[in-house]
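Reviewing the structure listed below.
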Amino acid sequence: MTAAPDATGTVNTVDAGEVAKFEAMAAEWWDLEGKFKPLHMLNPTRLDYITQQIAAEFGRDLKADAPFAGLHILDIGCGGGLLAEPMARLGADVVGADAAERNIPVAQVHAAQSGLEIDYRHTTAEAMADAGEQFDVVLNMEVVEHVVDPLGYLTACQRLLKPGGLMVCSTLNRNPKSYLMAIIGAEHVMRWLPKGTHEWSKFITPDELFDLIRQAGLDPVDRKGFVFNPLLWTWGISERDMSVNYVTASVKQV
């Protein structure tokens with residue numbers, strides 16, 4: 001499906017139904033035992049991948065004080081700020097954007113309570129790109145499977161990157177295992193997420209995502225799997241297993 005322009009002329013890839021799902025859960029973003037518990041469990045692994053990619057791309061020492069100082073980072077689909085806050089703690093100038101309006105005050109209050117300055121906005125990737133904004137890094141985590149036009153959305157993300165910029169994008173693979181784990185297991189058996197949080201038909205295979213990223217004008221440089229270990233009850237990064245959750249890194253040529 002291709003997104004159509006809105007009244008302002010901006011092409012909007014936001015799916016109103018998907019936004020409504022997250023609006024309904026907005027108050028629970030920082031509840032470690034709430035509906036976002038799976039994301040809190042995954043977050044340290046996401047952060048490990050993100051920080052390593054940023055450090056490698058921009059030559060930063062993660063052991064230094066404020067290693068991301070001077071970097072302008074956009075967390076698109078920021079939710080309650082689970083990624084924006086760690087980026088700010090590492091010294092980055094962070095903008096968090098979300099199409100779900102109720103997420104923004106939740107994120108703002110938590111950042112203030114944490115003593116962090118983060119620019120949170122109720123807006124979309126397309127609107128920011130049309131305004132000419134650009135960033136060193138765009139974090140695009142668990143969003144692309146919720147939009148109506150993945151290519152249009154990724155193209156907006158490409159426009160939001162400065163030349164030489166980095167995009168980190170994670171999503172869910174589409175295969176029988178991901179249906180069993182992410183839909184049946186997470187939503188129906190474990191009840192980690194409300195039923196209907198994800199639509200399996202919107203999941204994207206790694207090869208499909210790489211193709212879309214290239215069509216959007218970026219160069220994919222890495223992809224890894226996020227793998228859950230039910231015995232240790234922890235997540236880890238896998239070089240090969242991208243059968244359910246996976247993450248990619250892409251760069252914009254100078």
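Glycine is no exception: its Cβ is also placed from the backbone N, Cα and C atoms.
Worth saying up front: this structure is predicted, and the values here are computed from it rather than measured.
Swiss-Prot lists ARG46, GLY77, MET141 as binding S-adenosyl-L-methionine, and of ASP15, ASP93, ASP98, ASP119 the one it places in that same site is ASP98.
Annotation for ARG46 (S-adenosyl-L-methionine binding site): spatial neighbours LEU83, MET141, SER170, PHE226, VAL247, criterion Cβ-Cβ under 8 Å with sequence separation of six or more. Following the DSSP three-state reduction, the secondary structure of ARG46 (S-adenosyl-L-methionine binding site) is helix. Most Cβ neighbours within 10 Å among the binding-site residues GLY77, ASP98: this distinction goes to ASP98. Here the binding residues for S-adenosyl-L-methionine are ARG46, GLY77, ASP98, MET141. Their largest Cα to Cα distance works out to 19 Å.
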